[in-house]
Each structure stands twice: as structure tokens, then as C-alpha cells.
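As recorded in Swiss-Prot:
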type	residues	note
BINDING	D17, H18, G19, K20, S21, T22, N134, K135, I136, D137	GTP binding site
DOMAIN	5-187	domain 'tr-type G'
Amino acid sequence: MVKQENIRNFCIIAHIDHGKSTLADRILELTQVVSQREARQQYLDRMDLERERGITIKAQTVRIPYIAADGQEYELNLIDTPGHVDFNYEVSRSLAACEGALLVVDATQGVEAQTLANVYLALDHDHEVIPVLNKIDLPSAEVDRVKAEIEESIGLDCSQALPVSAKTGMGVDAVLEAIVHHLPAPKGDRAAPLKALIFDSWYDSYQGVVVLFRIMDGSVRKGDTVRLMSTGKEYEVLRLGVFSPEPTDVKELFAGEVGFLCGSIKELGDARVGDTITHADRPAETAVPGFKEVKAMVFCGLYPTESEDYENLKAALEKLQLNDAAFSYEPETSQALGFGFRCGFLGLLHMEIIQERLEREFEVGLIATAPSVVYKVVTMDGKTLEIDNPSHLPDPTKIDTLYEPYVSMDIHVPNEYVGNVMKLCEEKRGTQKNLHYLAANRVVVTYELPFAEIVYDFFDRLKSATRGYASMDYHPLDYRASDLVRLDIMLNSEPVDALAVIVHRDRAYTYGRGLALKLKRTIPRQLFQVAIQAAIGQKIIARETVSAFRKDVTAKCYGGDISRKRKLLEKQKEGKRRMKRMGNVELPQEAFLAALKVGDE
């Protein structure tokens with residue numbers, strides 16, 4: 001057993017593509033935890049999707065035995081955290097499980113938005129942060145400029161910053177020595193009652209829920225009965241172990257150590273990230289602070305393309321929810337799309353990942369409706385409602401005030417694109433709060449924007465306005481009263497609930513015009529005329545018409561009486577009228593995509 005003062009728990013903070021997973025790979029190889037033969041790129045990113053997108057979605061841990069230059073044996077626990085804003089709560093819990101962090105910055109790129117967001121989280125936890133400059137083997141690396149940027153934006157002393165190249169392995173041994181000498185050992189009393197923080201959990205079909213935890217005080221043995229403090233439920237520890245990096249069973253874990261346990265926990269909701277584990281017979285007095293319920297921020301409807309796939313989609317969503325407590329869903333029906341589900345997500349990346357996993361891992365064809373956020377409605381009789389589906393918005397005459405969520409957004413951008421960014425944010429109803437120069441050619445612009453405005457296409461448009469150079473980070477602020485209306489789309493006077501959206505009154509007309517035009521281009525022509533109308537309440541604000549195919553019914557009449565032709569034309573007209581009354585318009589998937597792309601042109 002390693003002494004407590006020789007344990008180091010650390011995580012690696014970096015923006016996407018700055019080399020976090022590569023550095024982790026090198027550390028594992030250098031300490032011979034993973035042999036060269038078993039090594040694969042991004043060893044800790046287990047999901048194919050994580051590897052492909054180059055992002056970390058779930059936290060992973062690995063125990064690394066390390067003999068330092070002074071001959072002492074240390075136990076290093078690397079906790080690999082997600083880097084994206086959507087998973088901010090998971091990051092904050094992973095950081096709470098460590099005492100220090102390596103801040104990896106790409107020496108060719110400099111400080112980016114998500115690096116900053118996560119560093120501030122680490123500093124909130126009073127972490128010791130070691131700056132590491134990666135990719136110094138590239139000719140475009142500017143070490144001094146990036147050091148100055150880190151000092152300017154974060155206020156970290158970079159005189160001791162470590163230059164490394166995670167790709168070639170250069171300088172990685174110095175990183176290990178720095179972890180041992182600069183990061184503090186975990187505090188915690190091994191004799192006190194057990195108190196352990198859950199920082200990740202997932203579902204295993206053989207063992208039930210597997211819980212990753214860090215012991216703050218006390219110790220836990222296999223066979224103990226433990227209690228989860230937020231729910232009060234009790235479980236027997238059937239399996240206890242550590243990842244090094246494959247799961248290895250151990251008999252006992254002590255304060256300061258990181259490990260996993262299985263205890264026939266059936267549902268992921270019972271072992272929530274951020275909860276505290278304690279002994280049933282000798283409980284801790286207080287829980288680890290900072291636990292909160294994760295709430296979905298973005299909602300959208302998911303429907304199977306083939307109605308017989310409904311059961312498959314339901315089973316797939318159940319499986320995904322086992323591994324993702326932040327994802328929620330409930331059944332809903334739409335007149336246009338049939339049976340489906342209303343799903344809640346942490347943010348846009350989370351939504352994209354879930355949709356991609358459904359299509360890839362479960363092979364379910366999907367139609368996704370336009371994403372929406374949660375609005376608060378105060379009705380005339382004083383009730384407050386939370387609305388996540390535009391078609392559930394009450395009648396405008398019954399609404400007293402409508403509130404929408406706002407976010408604060410930091411955008412890092414080279415100064416030649418600041419004008420484009422400001423123009424985009426103004427267009428999205430943003431208010432500028434701050435503009436701050438990081439270096440001579442890098443600016444941080446802070447805006448407050450309605451969350452609904454960034455849900456659609458903000459990120460894509462930001463990237464195209466700055467040629468891909470901007471990076472952004474946002475966090476929720478509060479709810480503010482806004483002049484919002486529900487825009488309904490009607491086909492032949494029948495409202496299509498799946499296309500309803502909530503928009504600001506000033507933008508309703510242009511949005512309605514744009515959407516009607518897009519739909520005109522995407523809805524295939526029928527044998528009867530299709531009228532596309534955009535309406536606010538009873539008032540029609542835009543209309544487009546998809547003209548009908550026309551069969552030449554008089555082609556076979558040569559000469560002869562005009563009344564014969566007229567009779568055939570009247571018969572055709574009557575048939576079309578009946579068809580229009582009876583017929584329904586099939587909406588292709590492109591029609592729903594069109595709703596997301598209004599305003600692109």
C-alpha cells in the first residue's frame with residue numbers, strides 16, 4: 001500500500017485538439033502501464049465516437065505506479081475529463097476529485113475559450129495548475145507568445161511552464177516529475193467515517209451500474225454496506241477495484257485513492273454524478289459539497305422514419321439513458337409525424353452526439369424536429385408554466401408574460417474578425433458586455449444572448465464568419481421577459497405541430513417568409529395544390545403555393561364539340577377538389593432540416 005503523501009490525483013485540462021488524449025497516451029506508455037503493443041491512439045477514449053470527433057465525452061481514470069527520480073514510489077491517478085461546455089457539471093465533479101491539474105495549451109494556437117472555462121473551474125477548487133506547452137516540435141510553435149498569453153489571460157506564472165511534444169514523447173518525463181513535486185498530496189483522514197465522491201457512473205449489462213469514485217475520508221472494503229447520501233439507498237459492495245487501465249480488483253481502498261465499485265445498483269439515476277457514498281452503519285455527517293441535479297437545457301422531438309421502428313427507438317433510448325443520466329425523454333405524438341419522443345439534452349453537442357449514437361449504434365432512422373429551449377410562461381391567472389415544446393404554448397390571450405433563458409458567452413477571436421462576430425451577435429439579439437485584448441491580435445468578446453438564438457445555427461455561422469478561428473464558451477445566466485410569439489406553419493389550412501417555433505415578434509415575419517419559401521422548395525409537388533401558410537394566432541403573415549401537377553385530359557379529343565372538352569375539364573376539377581379535401585401532404589425529412597436553416601441565404 002502506498003503512503004497517502006505519495007498519492008497524486010490530477011487531471012488534464014485542454015481545448016479540443018490541443019493534445020490532451022495524446023499526452024495521456026504518452027504518460028501511460030512511459031510509465032509502462034500500457035505496453036507499446038497494446039497502445040492505440042487516444043487510449044482512454046473508449047467510444048468510437050470520441051475517437052472520431054477527437055473529443056472526450058465520459059470521464060475515465062487510470063492508476064499509474066511511478067518511481068520518481070529520487071527513488072520513491074508514487075501512485076498517480078489520472079482522471080481524464082470531458083472538455084466541452086455541455087459537460088461542464090461532469091468536469092466540475094471530476095475536478096473536485098483531484099488536487100491538481102495539467103493545463104495543456106497548443107503552442108501553435110494559444111489559449112482558447114474552453115481552456116479558460118475549465119481552468120477557472122480548476123482554480124475555483126483551489127487546484128495547483130501546471131502549464132504544459134504542447135506541440136513544440138512543430139515549426140509554427142510560438143512558445144514565448146503563448147506563455148505571455150497564459151500569464152495575461154489566466155494569471156498563471158509561466159516561468160516554470162513545461163515544453164513538451166506529446167506526439168514524439170519529448171519532455172513527458174519532466175511532466176511526471178512536476179506532478180510529483182508540484183502537486184499536493186490528497187488530504188483526508190483514513191480513520192474517519194467513509195466519505196467518497198462519485199464523479200462518473202455507467203451501466204454494465206453484467207454488473208449493473210459501475211460507479212467511479214474518489215475517497216475523501218475513511219476507507220471501503222469489499223463486502224461493506226454503503227449508503228448513497230442523496231437518495232438514502234443502501235447497497236452491498238460486491239466488487240471493488242481500480243483501473244490500471246484495465247479493471248483490477250482490490251480488497252480495500254483508502255482516503256485519497258480513486259477506484260470503482262459495483263453493488264447491484266439497477267438504475268443510473270440511483271448513483272448520480274456528484275453524490276456522496278458513505279457507510280450504512282457509520283455514516284459521515286455531511287456530504288461532499290457541490291452536488292446538484294443536472295437539468296436539460298435543449299429539447300427536441302425525435303421520431304422514427306419508419307413507424308414500425310418505434311419500439312426499437314424506445315429500446316435504444318432506454319439503453320442510452322442507462323449511460324447518461326443527464327439525458328431525458330418522454331413519449332409524445334405529433335399529427336404530422338406519428339409517435340415519437342420529446343428528448344432533453346445538456347446542450348447542442350450533447351444533442352448531436354445522442355442523435356449520432358442512435359443512428360450508428362442502434363441503426364434507427366430518425367427525424368429530428370427543430371431544437372427548442374425551456375420557456376417560462378406566467379398566465380393571466382398567475383400560474384407559472386415551463387414550456388419545452390412550442391406546440392404546448394397556451395393561447396396568446398391567456399399569456400401575461402413570457403420569459404426566455406439568457407446565456408453569457410465569451411468568444412475568442414483574432415482581431416480582424418471582431419466586426420463579423422459583433423454583427424452576428426447583434427443579429428441574434430445580443431448585448432455586448434465586454435471586449436478585452438489577450439494579445440496584440442487576439443480578442444475576447446463577451447455577449448449576453450437569448451439561449452434560443454444560439455440553439456439553431458449560431459456555432460456554424462460563427463465559424464464561417466471567422467473562417468473557423470473563433471472558439472466560444474457559454475454559461476446560463478437567468479430568465480428575462482421577452483416579446484415572443486408562436487409561429488405556426490399550416491399546410492392546406494392544417495397546422496403541422498412539428499414545425500411550430502417560438503420566435504421574437506420582430507423576427508417573426510422574416511422567419512415565417514423564409515420558412516414558407518424553404519418549404520415550397522422541399523415539399524414535392526402533388527396532384528393537387530398545396531398552400532403553405534405561416535401564422536401567428538389567427539393572422540396569416542406569409543403564404544407560398546406548391547402548384548399541382550396537371551394531366552392533359554383533353555389530349556384524346558380531336559376537333560369536335562367544345563362541351564365534350566369542358567365536361568372532361570370539369571370532371572378533373574371536381575376530382576382535384578375532392579383530392580385536396582381528402583389528401584394529406586407527406587413531409588420529407590428535408591422539410592424539418594429546412595426549419596433549422598432559415599436565414600442562411
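We number each residue from 1, going along the chain as drawn.
Glycine too: its Cβ is placed from the backbone N, Cα and C atoms.
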Listed binding-site residues (S21, N134), ranked by Cβ neighbours within 10 Å, top entry: N134
Cβ neighbour count (within 10 Å, all chains shown) around I136 (GTP binding site): 20
DSSP three-state assignment for S21 (GTP binding site): helix
Local confidence of the prediction over the domain 'tr-type G' (5-187), expressed as mean pLDDT: 74
Assigned conformation of N134 (GTP binding site) - DSSP reduced to three states: strand
Around the Cβ of G19 (GTP binding site), the count of other Cβ atoms that are within 10 Å: 23
